[in-house]
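Student: This structure is in structure tokens; I'll ask about it shortly.
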Amino acid sequence: MAGGEAGVTLGQPHLSRQDLATLDVTKLTPLSREIISRQATINIGTIGHVAHGKSTVVKAISGVHTVRFKNELERNITIKLGYANAKIYKLDDSSCPRPECYRSCGSSTPDEFPSDIPGTKGNFRLVRHVSFVDCPGHDILMATMLNGAAVMDAALLLIAGNESCPQPQTSEHLAAIEIMKLKHILILQNKIDLVKESQAKEQYEQILAFVQGTVAEGAPIIPISAQLKYNIEVVCEYIVKKIPVPLRDFTSEPRLIVIRSFDVNKPGCEVDDLKGGVAGGSILKGVLKVGQEIEVRPGIVSKDGEGKLMCKPIFSKIVSLFAEHNDLQYAAPGGLIGVGTKIDPTLCRADRMVGQVLGAVGALPEIFTELEISYFLLRRLLGVRTEGDKKAAKVQKLSKNEVLMVNIGSLSTGGRVSAVKADLGKIVLTNPVCTEVGEKIALSRRVEKHWRLIGWGQIRRGVTIKPTIDDE
């Protein structure tokens, strides 16, 4: 590989090569070796109550610590969505018993490596590449959790073995998974090293009772200790056997939901060395390629002289693609992908682009300023501890002119209810959003100073605005 041809991955020779010249998207699958060698194709959320060990489990499986920000480390909680990728391997020697034949490693590990288990031979071969979306467990951070749920294919529900089940956020998260129609759930009974066997069995019964009648009914319950890495290979085995590989669309025009964005330039950087903004997100469909022209909607939002909203989509070009530390020439749905662009870095600074949609020019959905939704409210507030035998507070009906928080894809924005009739509602959004009819949205209301999930809806139609495009 001398001289480096365009369109071929140069870095990481131990991973499968990606070559744009020979790329045929119709032949790709979520298990194609050249894809899973470099990026994850399944998104798994970790959900559960605060301090039940979600981030620790992700660290045990992937080796990546998802708590990255200073204020998160000090308080030992996850605030922003954390991400980590892990490769799961299976030993090709059939004499090795389960679950020892499964193993997880970080995302830049080679695609196969020889067995180090005494008495076995053969190689560990890559079978899955998963991305963990580590969601915050605090009720105040519920919006972040819902933004994560938009990109999940499956979920690990964590329950700490040394506390009674269910804890408040556990039920709220379970409701969020129901909204997002996540069918594949593994329940992990964590911190098993801290309790006696009888206690663990008793809690097992509590968990069974708690999930009865929910989407998690019948989900496997695996006792683990994330801190001691006990039973982690069983979790790997279940991820491979119980979570089906989602069907992906590789042939449509690509579309990515932006979940975070950054300016990667250091202060004092020379002008010639400035790099464009980086958007991180999950591709919903299609394949993004290096060198491709892209559009970001709604783009730059402003008001004209008469106070009318204007949206100016951002047009740019992809200069690099990466998944954690792996370079990509093309990126497929699943996993968190970093997209290096030529966009002005100040527009991407500190997550400013979150909630925008990035994709092929001219192929993105409409920009809505008002939505008409058919909605469904929860009967009672979730996750609020109540005194004694009193049931949780009832959810009041939507009232005209009240302000709700609306979650659409990865965007959280305010919305004023302008009309309500039976199960239909009209909402005027504070920020315009790029979305389509049929998308699901989550509704939260401010209750005692916290945003609480009160229900969800589906977009039936809405008021759209035409994007303003400069005639250059």
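Placed from the backbone N, Cα and C atoms, the Cβ positions cover glycine too.
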Student: In Swiss-Prot, which of 48-55, 112-119, 160-167, 264-271 is tagged region 'G1'?
Tutor: 48-55
Student: Match it up for me: which of 10-13, 90-93, 106-109, 190-193 does Swiss-Prot list as region 'G4'?
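Tutor: My reading of Swiss-Prot: the region 'G4' range is 190-193.
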Student: Kindly point out the range from 134-137, 250-253, 446-449 that Swiss-Prot annotates with region 'G3'.
Tutor: 134-137
Student: Could you tell me which three-state DSSP class I192 (GTP binding site) falls into?
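Tutor: Where I192 (GTP binding site) sits, the three-state DSSP reduction gives helix.
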Student: If H, G and I count as helix, E and B as strand, and all else as coil, what does DSSP give for Q227 (GTP binding site)?
Tutor: coil
Student: Which one of these binding-site residues, S55, Q227, has the sparsest Cβ neighbourhood, judged by other Cβ atoms within 10 angstroms?
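Tutor: Among the binding-site residues S55, Q227, the sparsest Cβ neighbourhood within 10 Å belongs to Q227.
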Student: Using Cβ-Cβ distances, find the residues under 8 Å from S225 (GTP binding site) that belong to the same chain and are at least 6 apart in sequence, listing them in sequence order.
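Tutor: Counting only residues 6 or more apart in sequence, the Cβ neighbours of S225 (GTP binding site) under 8 Å are N190, K191, I192, D193, N231.
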